[in-house]
Amino acid sequence: MTIALGKLTKEEKDLFDTMDDWLRRDRFIFVGWSGLLLFPCAYFALGGWFTGTTFVTSWYTHGLASSYLEGCNFLTAAVSTPANSLAHSLLFLWGPEAQGDFTRWCQLGGLWTFVALHGAFGLIGFMLRQFELARSVQLRPYNAIAFSAPIAVFVSVFFIYPLGQSGWFFAPSFGVAAIFRFIRFFQGFHNWTLNPFHMMGVAGVLGAALLCAIHGATVENTLFEDGDGANTFRAFNPTQSEETYSMVTANRFWSQIFGVAFSNKRWLHFFMLFVPVTGLWMSALGVVGLALNLRAYDFVSQEIRAAEDPEFETFYTKNILLNEGIRAWMAAQDQPHENLIFPEEVLPRGNAL
(Lines of atoms letter the chains of each structure in order from A and count residues from 1; the text may use other names and numbers.)
(Lines give C-alpha, C1' and ligand atoms only; values in the text may rest on other atoms or scores of the structure.)
Protein backbone atom coordinates (compact mmCIF):
# COMPACT_ATOMS: atom_id res chain seq x y z
CA MET A 1 0.00 0.00 0.00
CA THR A 2 1.26 3.42 -0.91
CA ILE A 3 0.73 6.36 1.41
CA ALA A 4 1.04 9.84 -0.05
CA LEU A 5 2.20 12.42 2.46
CA GLY A 6 1.62 16.10 2.09
CA LYS A 7 -1.18 18.61 2.03
CA LEU A 8 -3.72 18.67 -0.82
CA THR A 9 -3.37 21.93 -2.72
CA LYS A 10 -6.69 23.52 -3.54
CA GLU A 11 -6.85 24.82 -7.07
CA GLU A 12 -6.97 28.59 -7.20
CA LYS A 13 -10.09 30.03 -8.79
CA ASP A 14 -9.39 32.27 -11.72
CA LEU A 15 -11.38 35.39 -12.58
CA PHE A 16 -13.74 33.51 -14.89
CA ASP A 17 -14.72 31.02 -12.17
CA THR A 18 -15.27 33.82 -9.67
CA MET A 19 -17.50 35.72 -12.08
CA ASP A 20 -19.33 32.54 -13.06
CA ASP A 21 -20.09 31.78 -9.40
CA TRP A 22 -21.43 35.28 -8.78
CA LEU A 23 -23.40 35.65 -12.02
CA ARG A 24 -25.10 32.26 -11.80
CA ARG A 25 -25.79 32.35 -8.07
CA ASP A 26 -29.33 31.42 -7.03
CA ARG A 27 -30.99 34.73 -6.20
CA PHE A 28 -34.41 36.38 -6.49
CA ILE A 29 -33.62 37.79 -9.94
CA PHE A 30 -31.24 35.61 -11.92
CA VAL A 31 -28.40 37.55 -13.59
CA GLY A 32 -26.28 35.06 -15.50
CA TRP A 33 -23.85 35.74 -18.30
CA SER A 34 -26.77 36.73 -20.50
CA GLY A 35 -27.60 39.44 -18.00
CA LEU A 36 -24.40 41.25 -18.94
CA LEU A 37 -26.05 41.84 -22.32
CA LEU A 38 -29.71 42.00 -21.29
CA PHE A 39 -29.77 44.43 -18.37
CA PRO A 40 -27.58 47.26 -19.74
CA CYS A 41 -29.21 47.09 -23.19
CA ALA A 42 -32.75 46.99 -21.78
CA TYR A 43 -31.91 49.90 -19.46
CA PHE A 44 -30.52 52.04 -22.27
CA ALA A 45 -33.32 51.15 -24.71
CA LEU A 46 -36.09 52.00 -22.25
CA GLY A 47 -34.22 55.05 -20.96
CA GLY A 48 -33.69 56.33 -24.50
CA TRP A 49 -37.36 55.80 -25.35
CA PHE A 50 -38.62 57.61 -22.24
CA THR A 51 -36.16 60.44 -22.85
CA GLY A 52 -37.16 60.80 -26.50
CA THR A 53 -40.90 60.68 -25.94
CA THR A 54 -40.63 63.19 -23.11
CA PHE A 55 -38.30 65.83 -24.54
CA VAL A 56 -37.21 65.28 -28.15
CA THR A 57 -38.97 66.77 -31.17
CA SER A 58 -39.29 65.22 -34.63
CA TRP A 59 -39.49 68.59 -36.32
CA TYR A 60 -36.06 68.29 -37.92
CA THR A 61 -36.60 64.75 -39.24
CA HIS A 62 -40.32 64.48 -40.03
CA GLY A 63 -41.74 67.96 -39.51
CA LEU A 64 -43.77 66.63 -36.58
CA ALA A 65 -44.27 67.14 -32.86
CA SER A 66 -43.56 63.87 -31.06
CA SER A 67 -42.90 64.55 -27.35
CA TYR A 68 -44.88 65.22 -24.20
CA LEU A 69 -43.10 68.56 -24.00
CA GLU A 70 -44.74 69.57 -27.28
CA GLY A 71 -48.23 68.45 -26.26
CA CYS A 72 -48.33 64.80 -27.34
CA ASN A 73 -49.86 62.08 -25.19
CA PHE A 74 -48.88 58.45 -24.65
CA LEU A 75 -50.50 57.34 -27.91
CA THR A 76 -49.02 60.08 -30.11
CA ALA A 77 -45.53 60.52 -28.63
CA ALA A 78 -42.69 58.68 -30.38
CA VAL A 79 -38.96 58.37 -30.89
CA SER A 80 -38.90 59.03 -34.61
CA THR A 81 -36.54 57.70 -37.26
CA PRO A 82 -33.60 59.78 -38.54
CA ALA A 83 -33.94 62.07 -41.53
CA ASN A 84 -33.90 60.42 -44.96
CA SER A 85 -30.76 62.35 -45.87
CA LEU A 86 -28.82 60.40 -43.23
CA ALA A 87 -29.46 57.11 -45.09
CA HIS A 88 -28.14 54.15 -43.08
CA SER A 89 -25.75 56.00 -40.78
CA LEU A 90 -25.51 54.45 -37.31
CA LEU A 91 -25.58 58.01 -35.96
CA PHE A 92 -23.10 57.57 -33.14
CA LEU A 93 -23.04 60.53 -30.76
CA TRP A 94 -19.32 60.93 -31.51
CA GLY A 95 -19.79 60.42 -35.26
CA PRO A 96 -19.34 62.98 -38.03
CA GLU A 97 -23.02 63.96 -38.01
CA ALA A 98 -23.44 65.08 -34.38
CA GLN A 99 -19.73 65.47 -33.47
CA GLY A 100 -20.41 64.98 -29.77
CA ASP A 101 -23.23 67.54 -29.59
CA PHE A 102 -26.04 65.77 -27.69
CA THR A 103 -28.72 68.28 -28.70
CA ARG A 104 -27.81 68.04 -32.37
CA TRP A 105 -27.70 64.24 -32.06
CA CYS A 106 -31.27 64.19 -30.76
CA GLN A 107 -32.41 66.57 -33.49
CA LEU A 108 -30.95 64.32 -36.20
CA GLY A 109 -32.73 61.22 -34.87
CA GLY A 110 -29.80 59.61 -33.07
CA LEU A 111 -32.08 58.36 -30.30
CA TRP A 112 -33.87 56.08 -32.78
CA THR A 113 -30.72 54.16 -33.73
CA PHE A 114 -29.75 54.13 -30.04
CA VAL A 115 -33.09 52.64 -28.96
CA ALA A 116 -33.30 50.24 -31.93
CA LEU A 117 -29.81 48.77 -31.49
CA HIS A 118 -29.98 48.48 -27.71
CA GLY A 119 -33.53 47.11 -27.98
CA ALA A 120 -32.46 44.42 -30.44
CA PHE A 121 -29.51 43.33 -28.31
CA GLY A 122 -31.73 43.45 -25.22
CA LEU A 123 -34.20 41.06 -26.84
CA ILE A 124 -31.36 38.76 -27.90
CA GLY A 125 -30.05 38.91 -24.32
CA PHE A 126 -33.47 37.88 -23.04
CA MET A 127 -33.50 34.89 -25.39
CA LEU A 128 -29.99 33.91 -24.25
CA ARG A 129 -31.21 34.26 -20.66
CA GLN A 130 -33.84 31.62 -21.35
CA PHE A 131 -31.21 29.35 -22.90
CA GLU A 132 -28.92 29.83 -19.91
CA LEU A 133 -31.59 29.19 -17.30
CA ALA A 134 -32.93 26.18 -19.20
CA ARG A 135 -29.44 24.67 -19.28
CA SER A 136 -28.93 25.40 -15.58
CA VAL A 137 -32.11 23.58 -14.50
CA GLN A 138 -31.87 20.95 -17.26
CA LEU A 139 -34.89 22.03 -19.29
CA ARG A 140 -35.29 21.85 -23.03
CA PRO A 141 -34.68 25.19 -24.80
CA TYR A 142 -38.11 25.57 -26.44
CA ASN A 143 -38.89 28.82 -24.57
CA ALA A 144 -35.85 30.45 -26.13
CA ILE A 145 -36.67 28.99 -29.55
CA ALA A 146 -40.21 30.36 -29.29
CA PHE A 147 -38.90 33.80 -28.31
CA SER A 148 -36.78 33.85 -31.47
CA ALA A 149 -40.02 34.51 -33.40
CA PRO A 150 -40.73 38.03 -32.03
CA ILE A 151 -37.00 38.78 -32.32
CA ALA A 152 -37.14 37.80 -36.01
CA VAL A 153 -40.11 40.13 -36.53
CA PHE A 154 -38.39 43.00 -34.69
CA VAL A 155 -35.14 42.64 -36.62
CA SER A 156 -36.88 42.28 -40.00
CA VAL A 157 -39.17 45.28 -39.49
CA PHE A 158 -36.78 47.69 -37.76
CA PHE A 159 -33.52 46.72 -39.50
CA ILE A 160 -33.83 44.55 -42.61
CA TYR A 161 -36.68 46.52 -44.19
CA PRO A 162 -35.07 49.98 -43.91
CA LEU A 163 -31.72 48.50 -44.99
CA GLY A 164 -33.42 47.48 -48.23
CA GLN A 165 -34.91 50.96 -48.62
CA SER A 166 -33.10 54.28 -48.82
CA GLY A 167 -32.51 54.73 -45.10
CA TRP A 168 -33.66 54.31 -41.49
CA PHE A 169 -36.26 56.98 -42.29
CA PHE A 170 -38.58 54.28 -43.67
CA ALA A 171 -38.46 52.11 -40.53
CA PRO A 172 -41.22 52.46 -37.93
CA SER A 173 -40.76 55.13 -35.29
CA PHE A 174 -41.10 53.94 -31.69
CA GLY A 175 -44.61 55.02 -30.75
CA VAL A 176 -48.21 53.81 -30.94
CA ALA A 177 -49.54 56.23 -33.58
CA ALA A 178 -46.18 56.00 -35.37
CA ILE A 179 -46.60 52.23 -35.73
CA PHE A 180 -50.11 52.80 -37.13
CA ARG A 181 -48.63 55.16 -39.72
CA PHE A 182 -46.10 52.51 -40.65
CA ILE A 183 -48.84 49.90 -41.11
CA ARG A 184 -50.73 52.24 -43.45
CA PHE A 185 -47.50 52.82 -45.35
CA PHE A 186 -46.95 49.07 -45.70
CA GLN A 187 -50.45 48.62 -47.07
CA GLY A 188 -50.38 51.53 -49.49
CA PHE A 189 -46.90 50.96 -50.89
CA HIS A 190 -46.61 47.16 -50.62
CA ASN A 191 -50.21 45.85 -50.53
CA TRP A 192 -49.07 43.98 -47.41
CA THR A 193 -52.46 42.47 -46.51
CA LEU A 194 -52.49 40.50 -49.77
CA ASN A 195 -48.99 39.14 -49.15
CA PRO A 196 -49.07 35.38 -48.43
CA PHE A 197 -46.45 35.75 -45.69
CA HIS A 198 -48.67 38.27 -43.91
CA MET A 199 -51.57 35.84 -44.27
CA MET A 200 -49.49 33.12 -42.61
CA GLY A 201 -48.57 35.53 -39.81
CA VAL A 202 -52.22 36.44 -39.18
CA ALA A 203 -53.20 32.76 -39.24
CA GLY A 204 -50.43 32.02 -36.73
CA VAL A 205 -51.29 34.79 -34.26
CA LEU A 206 -55.08 34.42 -34.41
CA GLY A 207 -54.79 30.64 -34.53
CA ALA A 208 -52.62 30.74 -31.40
CA ALA A 209 -55.20 32.92 -29.63
CA LEU A 210 -57.92 30.42 -30.56
CA LEU A 211 -55.80 27.48 -29.38
CA CYS A 212 -55.05 29.24 -26.07
CA ALA A 213 -58.73 29.96 -25.46
CA ILE A 214 -59.78 26.40 -26.32
CA HIS A 215 -56.99 24.84 -24.27
CA GLY A 216 -57.60 27.00 -21.19
CA ALA A 217 -61.35 26.42 -21.29
CA THR A 218 -60.92 22.67 -21.80
CA VAL A 219 -58.55 22.34 -18.85
CA GLU A 220 -60.89 24.35 -16.62
CA ASN A 221 -63.81 22.19 -17.77
CA THR A 222 -62.09 18.88 -16.98
CA LEU A 223 -60.41 19.62 -13.63
CA PHE A 224 -60.46 16.81 -11.11
CA GLU A 225 -62.23 17.65 -7.84
CA ASP A 226 -59.12 17.74 -5.70
CA GLY A 227 -60.44 19.81 -2.83
CA ASP A 228 -63.45 21.49 -1.28
CA GLY A 229 -62.23 25.06 -1.79
CA ALA A 230 -64.54 27.81 -2.97
CA ASN A 231 -62.85 28.09 -6.35
CA THR A 232 -60.24 26.51 -8.59
CA PHE A 233 -57.31 28.28 -6.97
CA ARG A 234 -58.18 27.48 -3.36
CA ALA A 235 -58.74 23.84 -4.23
CA PHE A 236 -55.43 23.48 -6.03
CA ASN A 237 -52.56 21.85 -4.18
CA PRO A 238 -49.19 22.89 -5.67
CA THR A 239 -47.50 19.74 -4.37
CA GLN A 240 -49.95 17.24 -5.86
CA SER A 241 -48.45 14.34 -7.76
CA GLU A 242 -51.50 13.40 -9.79
CA GLU A 243 -52.95 15.04 -12.87
CA THR A 244 -54.87 18.29 -12.55
CA TYR A 245 -57.33 17.63 -15.35
CA SER A 246 -58.68 14.68 -17.31
CA MET A 247 -57.12 14.36 -20.75
CA VAL A 248 -59.39 11.40 -21.48
CA THR A 249 -62.54 13.43 -20.82
CA ALA A 250 -61.21 16.31 -22.91
CA ASN A 251 -60.43 13.94 -25.77
CA ARG A 252 -63.93 12.45 -25.68
CA PHE A 253 -65.51 15.92 -25.66
CA TRP A 254 -63.60 17.29 -28.66
CA SER A 255 -63.92 14.02 -30.55
CA GLN A 256 -67.68 14.49 -30.36
CA ILE A 257 -67.47 18.19 -31.30
CA PHE A 258 -65.07 18.00 -34.26
CA GLY A 259 -64.73 14.31 -34.95
CA VAL A 260 -60.99 14.57 -34.23
CA ALA A 261 -59.08 15.58 -31.11
CA PHE A 262 -55.60 15.58 -29.63
CA SER A 263 -54.96 12.33 -27.81
CA ASN A 264 -51.44 13.20 -26.68
CA LYS A 265 -50.44 16.12 -24.46
CA ARG A 266 -47.01 16.43 -26.06
CA TRP A 267 -48.41 16.79 -29.55
CA LEU A 268 -51.08 19.22 -28.31
CA HIS A 269 -48.59 21.54 -26.63
CA PHE A 270 -46.08 21.29 -29.45
CA PHE A 271 -48.86 22.37 -31.83
CA MET A 272 -49.62 25.36 -29.57
CA LEU A 273 -45.93 26.27 -29.82
CA PHE A 274 -45.66 25.59 -33.54
CA VAL A 275 -48.62 27.69 -34.75
CA PRO A 276 -47.68 31.17 -33.45
CA VAL A 277 -43.90 30.74 -33.81
CA THR A 278 -44.14 29.59 -37.42
CA GLY A 279 -46.62 32.37 -38.20
CA LEU A 280 -44.26 35.04 -36.86
CA TRP A 281 -41.27 33.54 -38.64
CA MET A 282 -43.19 33.56 -41.93
CA SER A 283 -44.25 37.16 -41.36
CA ALA A 284 -40.61 38.12 -40.75
CA LEU A 285 -39.64 36.43 -44.01
CA GLY A 286 -42.33 38.42 -45.79
CA VAL A 287 -40.93 41.70 -44.45
CA VAL A 288 -37.49 40.69 -45.73
CA GLY A 289 -39.15 40.27 -49.12
CA LEU A 290 -40.62 43.77 -48.85
CA ALA A 291 -37.14 45.11 -48.13
CA LEU A 292 -36.31 43.89 -51.64
CA ASN A 293 -39.59 45.37 -52.96
CA LEU A 294 -40.99 41.95 -53.84
CA ARG A 295 -44.64 42.28 -54.73
CA ALA A 296 -47.67 40.56 -53.23
CA TYR A 297 -50.28 38.75 -55.30
CA ASP A 298 -51.18 40.66 -58.47
CA PHE A 299 -54.44 39.76 -60.20
CA VAL A 300 -53.67 41.68 -63.37
CA SER A 301 -56.56 40.19 -65.36
CA GLN A 302 -59.03 41.72 -62.90
CA GLU A 303 -57.29 45.10 -63.07
CA ILE A 304 -57.37 45.09 -66.89
CA ARG A 305 -61.05 44.12 -66.98
CA ALA A 306 -61.92 46.76 -64.36
CA ALA A 307 -60.12 49.39 -66.43
CA GLU A 308 -62.04 48.38 -69.57
CA ASP A 309 -65.45 47.76 -67.99
CA PRO A 310 -66.79 50.45 -65.59
CA GLU A 311 -69.40 48.01 -64.29
CA PHE A 312 -66.84 45.39 -63.27
CA GLU A 313 -65.26 45.77 -59.85
CA THR A 314 -64.04 43.32 -57.22
CA PHE A 315 -62.86 43.76 -53.66
CA TYR A 316 -59.35 43.34 -55.05
CA THR A 317 -59.65 46.17 -57.60
CA LYS A 318 -61.26 48.36 -54.94
CA ASN A 319 -58.32 47.71 -52.61
CA ILE A 320 -55.85 48.55 -55.39
CA LEU A 321 -57.57 51.92 -55.86
CA LEU A 322 -57.51 52.51 -52.11
CA ASN A 323 -53.78 51.76 -52.10
CA GLU A 324 -53.30 54.34 -54.84
CA GLY A 325 -55.15 56.82 -52.67
CA ILE A 326 -52.93 56.04 -49.70
CA ARG A 327 -49.84 56.59 -51.82
CA ALA A 328 -51.10 59.84 -53.32
CA TRP A 329 -52.09 61.35 -49.99
CA MET A 330 -49.37 59.83 -47.86
CA ALA A 331 -46.26 60.41 -49.94
CA ALA A 332 -46.49 64.19 -49.72
CA GLN A 333 -47.36 64.11 -46.00
CA ASP A 334 -44.93 61.39 -45.05
CA GLN A 335 -41.92 62.57 -47.05
CA PRO A 336 -42.00 66.38 -46.83
CA HIS A 337 -38.34 66.57 -47.82
CA GLU A 338 -39.26 65.36 -51.33
CA ASN A 339 -41.50 68.40 -51.93
CA LEU A 340 -43.99 66.20 -53.77
CA ILE A 341 -46.86 68.09 -55.42
CA PHE A 342 -49.65 66.11 -57.07
CA PRO A 343 -52.11 67.74 -59.51
CA GLU A 344 -55.57 68.13 -58.03
CA GLU A 345 -57.14 65.80 -60.57
CA VAL A 346 -55.06 62.77 -59.51
CA LEU A 347 -55.89 63.02 -55.80
CA PRO A 348 -58.72 60.79 -54.57
CA ARG A 349 -61.78 62.71 -53.46
CA GLY A 350 -64.26 61.40 -50.89
CA ASN A 351 -67.71 62.63 -49.93
CA ALA A 352 -66.22 64.90 -47.28
CA LEU A 353 -64.31 67.01 -49.83
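Residue positions begin at 1 at the first shown residue.
Each Cβ is built from the backbone N, Cα and C atoms, and glycine gets one as well.
Of the listed segments 208-228, 250-270, 313-333, Swiss-Prot assigns transmembrane segment to 208-228. Checking the ranges 83-96, 153-166, 181-194 against Swiss-Prot, the transmembrane segment annotation falls on 153-166. Feature annotation (Swiss-Prot): of 41-61, 104-124, the stretch labelled transmembrane segment is 41-61. Swiss-Prot lists transmembrane segment for one of the ranges 6-22, 125-141, namely 125-141. Annotation for ASN143 (pheophytin a binding site): same-chain Cβ neighbours under 8 Å, separated by at least 6 residues, are GLN130, ALA134. ASN143 (pheophytin a binding site) falls within a helix when secondary structure is assigned with DSSP. Considering only the binding-site residues HIS118, HIS198, PHE262, the residue whose Cα is spatially closest to the Cα of HIS269 (Fe cation binding site) is PHE262. Note on proximity: among HIS198, HIS215, PHE262, the binding-site residues of the record, the Cα nearest HIS118 (chlorophyll a ChlzD2 binding site) is that of HIS198. Only residues 6 or more beyond the boundaries of the transmembrane segment (279-295), in the same chain, are considered here, and those with a CB under 8 A from a CB of the stretch are 149-150, 152-153, 155-157, 160-165, 186, 190-192, 195-198, 200-205, 207-208. The Cβ of HIS215 has fewer other Cβ atoms within 10 Å than any other of the binding-site residues HIS118, HIS198, HIS215.
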